[in-house]
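Before I ask anything, let me first share the structure, which is written out below as structure tokens.
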Amino acid sequence: MAVFKAITTEQVEILTAGLYAGVDEVGRGPLVGNVVTAAVILDPTKPITGLNDSKKLSEKKREALFTEIHEKALAISIGYASPEEIDELNILHATMLAMQRAVAGLDMAPTSVLVDGNRTPDFSHGEDTDRNIESHAIIKGDGLVAGISAASIVAKVIRDREMDLLDMEHPQYGFAKHKGYPTKAHFEALALHGVLPEHRKSFRPVKERLAKN
């Protein structure tokens, strides 16, 4: 899987001149569930106030922006990689695959793809696309580029909702509170109740719990 060198922040203004797709992920660290990615093409004629890294926003603010993004964006697509794919590929490659899926699912072709972080997959030859798309990684892009901020928010809200649904099915694990991250409460639930099908079997705390069965 191709990886490209991250660009400097000085180049951001040039790259955001066209109808680019901002891409970000949520859920690399949790022990359970999908890694969720979003690709968003914003409408430059419909600016959205308050976009920022989703981790710096309250849940209420994220939900409000989530609605506004869906009302104003030109295109939005979600890409997933399942726990099984994470276990098979590793979390990095599964995340890259999910990003490819998100971009491939867009209703329109972006002029380029800007990804939060220090690496990006090759969006020209993903499993569902043969588009010739230039991509760039932008370190801390979710706080610098509006489209990446929007993708961060969309992915965060989607994944949090998934965890809320999983919490309804398995309330004893407390997923609505810790969202699947490796917290003390999650470790205690794993020890007491065991591993669920949705858990990532390759992650050490889960693997160690399975070894005790």
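Just so you know, glycine gets a Cβ as well, placed from its N, Cα and C.
Relevant sequence annotations retrieved from Swiss-Prot are reproduced here:
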- 18-213: domain 'RNase H type-2' (DOMAIN)
- Asp24, Glu25, Asp116: divalent metal cation binding site (BINDING)
For Glu25 (divalent metal cation binding site), write down the residues of its own chain that are at least 6 apart in sequence and whose Cβ falls under 8 Å from its Cβ; none is a fine answer.
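Once residues fewer than 6 apart are set aside, Glu25 (divalent metal cation binding site) is near Val35, Val36, Thr37, Thr95, Ala98, Met99, Asp116, Ala155.
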Can you count the other CB atoms that lie within 10 A of the CB of Asp116 (divalent metal cation binding site)?
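The Cβ of Asp116 (divalent metal cation binding site) has 26 Cβ neighbours within 10 Å.
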Taking the Cβ of Asp24 (divalent metal cation binding site) as the reference point, list residues of the same chain whose Cβ is under 8 angstroms away and which are at least six residues distant in sequence.
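Spatial neighbours, sequence-distant, of Asp24 (divalent metal cation binding site): Thr37, Ala38, Ser54, Val115, Asp116, Gly141, Asp142, Ile148, Ala151, Ser152, Ala155.
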Where does the mean pLDDT land for the domain 'RNase H type-2' (18-213)?
94
Taking the mean position of the Cβ atoms of Asp24, Glu25, Asp116 as the divalent metal cation site, which residues outside that list, in the same chain, have a Cβ no more than 8 Å away, listed in sequence order?
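Apart from the listed residues, the neighbours are Val23, Val26, Thr37, Ala38, Met99, Val115, Gly117, Gly141, Asp142, Ile148, Ala151, Ser152, Ala155.
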